[in-house]
Amino acid sequence: DVVETQEHYKSRWRSIWIMHLTMFLSSVGFSIVVMSVWPYLQKIDPTADASFLGWIIASYSIGQMVASPLFGLWSNYRPRREPLVVSTVISVAANFLYAYVHVPHSHNKYYMLIARALVGFGAGNVAVVRSYIAGATSLTERTSAMANTSACQAVGFILGPVFQTCFTLIGEGGVTWKLIRLQLNMYTAPVLFGALLGVINIILIFAIFREHRVDDMGRQCTSINFEEEEVGGLDQDAEGSIDQVAVVSVNFLFFVILFVFAVFETIATPLTMDMYSWTRKEAVLYNGIILGVVGIESVIVFMVVKTLSKKTGERALLHGGLMIVLVGFFILLPWGKKLPNIQWQEIKNNSIPRTTFSEMLMPLWSLEATQLSSNHTAEPTGCPVSQSWCLNTPKIYLAQYISSDVLIGLGYPVCNVMSYTLYSKILGPKPQGVYMGWLTASGSGARILGPVFVSQIYTHMGPRWAFSLICGIVVLSLLVLEIVYKRLIAFSIRYGRMQE
């Protein structure tokens, strides 16, 4: 063991902050085009419909789910700079492809699909980011570093649409650079800006990022991933087996956490349109404001849990976060006798289009997919009679909805940070790339399955069944947490090298 010098400490934390930046840019890469995917798709390929848009949005999570274990495995045996740079280069190239999807004469929608899938593939580097932070921090530093990472990710999701809004000032026409056939407009400028940020990220990785590793007690270790074979294997602290039951349990809990939050994001627009007779424009505006406030609330929570975890411990916070999420969805259950307003116009005039739930299958997109659906002035509002449950399910009051948003916005970030932190501590000093890759993949899978689940249950059976099943899933996760509670301890504590 080597005592850490001041210079090593500074270099280690500079590298960690580069990882925070990488996480921020990864989330910006997803959210910076969410506001404009639907109108841009309609512009470049009129044959594309709402269901294909669902595939385009899902392709990001699918790409990330595939790439995360691969980049994680790569980072276990080679310098982490390699997968970080390669993944960022893929994202930059994918952004340029997105900017040029208007050029081909046909099948433009498929080029957009490929571009978004490659952006998601590049975002698989979050597994490398989290595995590096886990290996470069002591147990006492870990929670704070993981909270900062999640906060950077959340800020990226919030600022992405803000950047997009700024670029709308360029307009649809914009400027065309004929020599290289590049159109700079409100649709392409955001991805080109994202590509620029990616290039800056690559430069900073080469200039500032360095491989560092400390053990659970904060002592400097001389061995890092790609040198371990040369120096005679892992250091003594890495001896011992990982508790696979704890690993699988945290993966399950993380899947549930991301699953229920994806449901929460997806359900916002259709639920408020059905319950409060909001128009598409009103639903987009009001839910955009609500989700923005929830995002800010989440960033504040990320900062608070760093201090709170030192007093209560990660397991207790995870338990409390799941309880808050459970209460948030329980509040959404319909009570009372008043029914929502029924949308009868659809029967009287079949020519009037109605935005169906299938147009809102994906998180975040649900806020934008309806913007250009119709130019009719007589837009029908209320709960469509085609959803038979509208005739007998009580209305969910606005106070219920707002209260639920606040509680879920409080519980989700706590669960997110605590699950990542516990996971990294359970894995211990061994390279965590592959394991972090599986955790990221489980989260990506949840973001794909959550919207599909809620689209089917909500449309055919209504909010009572949808939210009751979600409550049941959260209760199941709480039971799993109770069963494995004593096993969710740090590797060093499990083998008696540190006291809890």
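Cβ coordinates are placed from backbone N, Cα and C, and glycine is handled just like the others.
What TrEMBL records for 15-489 is domain 'Major facilitator superfamily (MFS) profile'.
If you look up TrEMBL, you'll see 16-40 (among others) marked as transmembrane segment.
Long-range Cβ contacts of the transmembrane segment (52-72) within its own chain (Cβ-Cβ under 8 Å, at least 6 residues beyond either end) map to 30, 34, 37-38, 41, 83, 87, 109, 112-113, 116-128, 131, 358-359, 361-365, 369, 432-438, 440-441, 444-445, 447-448. What TrEMBL records for 52-72 (among others) is transmembrane segment.
Summarising the annotation, TrEMBL assigns transmembrane segment to 84-101 (among others).
Summarising the annotation, TrEMBL assigns transmembrane segment to 113-133 (among others). Note on the transmembrane segment (113-133): residues 15-16, 19, 22-23, 26, 29-30, 37, 52, 55-57, 59-64, 66-72, 74-76, 80, 83-84, 87-95, 97-98, 101, 142, 145-146, 149, 153, 420, 424, 431-433, 435-437, 439-440, 444 of its chain, located 6 or more positions outside it, place their CB under 8 angstroms from a CB of the stretch.
Feature annotation from TrEMBL assigns transmembrane segment to 154-171 (among others).
The annotation transmembrane segment is assigned in TrEMBL to 191-209 (among others).
Sequence annotations record features per position, and here TrEMBL assigns transmembrane segment to 245-264 (among others).
The transmembrane segment annotation in TrEMBL covers 284-305 (among others).
Packing against the transmembrane segment (317-336) from elsewhere in the chain are residues 253, 257, 260, 305, 308-309, 393-397, 400-401, 403-408, 410-415, 418-419, 422, 463-464, 467-468, 470-471, 474-475, 477-478, 481, 485: each is 6 or more residues past its ends and has a CB under 8 Å from a CB in it. The transmembrane segment annotation in TrEMBL covers 317-336 (among others).
Panel annotation: around the transmembrane segment (401-423), residues 130, 142-143, 146-147, 149-150, 154, 247, 250-251, 253-254, 257, 260-261, 264, 271-272, 275, 290, 293-295, 297-299, 301-302, 305, 309, 314-315, 317-318, 320-325, 327-329, 331-332, 435-436, 439, 488 of the same chain, lying at least six beyond its termini, place a Cβ under 8 Å from a Cβ of the stretch. For 401-423 (among others), the entry in TrEMBL reads transmembrane segment.
Outside the transmembrane segment (435-459), and at least 6 residues removed from its termini, the chain residues within Cβ reach (under 8 Å) are 58, 61-62, 64-66, 68-73, 120, 124, 126-128, 130-131, 134, 242, 247, 250-252, 254-263, 266-267, 270-271, 357-358, 360-363, 387, 420, 423-424, 427, 465-466, 469. As annotated by TrEMBL, transmembrane segment applies to 435-459 (among others).
According to TrEMBL, the feature transmembrane segment maps to 465-485 (among others).
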(message) Pairs of Cβ atoms less than 8 Å apart decide it: which stretch in 84-101, 245-264, 284-305, 465-485 has the most with the transmembrane segment (154-171)?
(response) 284-305
(message) How about long-range neighbours of the transmembrane segment (84-101): same chain, 6 or more residues beyond its ends, C-beta under 8 Å?
(response) 22, 25-26, 29, 33, 44, 67, 71, 108, 111-112, 114-116, 118-119, 121-125, 128-129, 181-183, 188, 191-192, 194-195, 198-199, 201-202, 205-206, 209
(request) Quickly jot the same-chain residues contacting the transmembrane segment (191-209) by Cβ under 8 Å, restricted to those at least six beyond its ends, or write none. (result) 14-15, 18-19, 21-22, 25, 28-29, 32-33, 81, 84-85, 88-89, 91-92, 95-96, 98-99, 163, 167, 184
